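Annotation comment: TrEMBL describes 47-66, 78-102, 114-135, 147-167, 188-206, 255-273, 293-311 as transmembrane segment. Summarising the annotation, TrEMBL assigns Zn(2+) binding site to 100, 253, 257. The region 'Disordered' annotation in TrEMBL covers 389-412.
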């Protein structure tokens, strides 16, 4: 086989893959996995989503490589929160790239990919909590209840984000109601308010006491980019006002990706200044442990994996039920059409009864259901008809000709 198939109009893909005000640039389903990788070099409505976050991944890895020469990310416990934060960014962008690259292969793959994406978002929220409470906390809060609860609360909110977003994905069908956005954005907002609290407190002190810090510039920029990203994510602007004009480049989700990229970029700039300018304050804290850094990281990873597995099963059951319901309807229509065909003489009533029997319909539905869930087109399995109607018609024609010849002989 060659490369990926040409992109198609939204009418040629299931409703699940539709995006508001986007009409073209959809990749056909059920291609080999390699074709979706090769589609990164093809113009479609997901290609920029992949490349924006792939670029972000490269930037994070490059910055981490530079920091590894300046900080001991392995053996210095005070640098473990930094290492955990970087790891969550890597997971975030890896999950996002894979989700947008492979989500068009099948409906079940679509659900699973984006639930993994939600797991990465929740993990990144936890990682940002670790970074901000270890390196950006004002000395007024050292040893406070919020400081002590930062890691466990951040971990729970990271898992809750994955749960709520997965519910929003599996519970509602397109066209999505507004409440779906509430599920998504409320959970993300909850963890964001928790992780950004140390920053807000320091800025509040600056407003009242005039204590400006060099990192404030980058903190303000990262909050601005995050807010702008939330606006694009929830508004469907600009394609809302120009339907079909931003199908490939410039639609709201691509702009959202750029905003998240800039959020992490400015966040890393701010964290670097916090560490270099305030390392004396960091060293005054109780040394981080493996349990409240990497241990918590792996807890969130495992918990989110369980969430993804659970809702993957829910999505599979839902798709099977929908397919069975559709096939039941198709079976009724098929029996009606074939009975009419028998009346019109296309084939005998016995053959129609055989073709529309419950056993044959059940067998076709089982084959079709397995094919769809495995990402194989039903048409490939059902392409060959069970009865060769042309052969039947030819045989009946010969029979009539023979009968006509016999009648002619008798009349002679």
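Don't overthink the numbers, they just go from 1 along the chain as shown.
Cβ coordinates are placed from backbone N, Cα and C, and glycine is handled just like the others.
Each of the binding-site residues 100, 253, 257 was scored by other CB atoms within 10 A of its CB, and the lowest score goes to 253. Of the two recorded stretches, the transmembrane segment (255-273) lies close to the transmembrane segment (78-102), with three or more CB pairs under 8 Å once pairs fewer than 6 apart in sequence are set aside. One way to see the shell of the Zn(2+) site is to take the Cβ centroid of 100, 253, 257; the remaining same-chain residues with a Cβ within 8 Å of it are 46, 48, 49, 50, 52, 53, 96, 254, 256. Contact between the transmembrane segment (114-135) and the transmembrane segment (188-206) holds: at least three of their C-beta pairs are under 8 Å, each pair 6 or more apart in sequence.
Tertiary proximity for the transmembrane segment (188-206) is limited to same-chain residues at least six positions away from its ends with a CB under 8 Å from its CB atoms, namely 121-122, 125-126, 128-129, 132-133, 136-138, 140-141, 146, 153-154, 157-158, 160-161, 165, 212-213, 216, 219-220, 223, 226, 230. Sequence-distant contacts of the transmembrane segment (47-66), counting only residues of its own chain at least 6 positions beyond either end whose CB sits under 8 Å from a CB of the stretch, comprise 39-40, 73, 86, 89-90, 93-94, 96-97, 100-101, 248-249, 253-254, 257-258, 260-261, 264-265, 268. Residue 257 (Zn(2+) binding site) falls within a helical segment according to DSSP.
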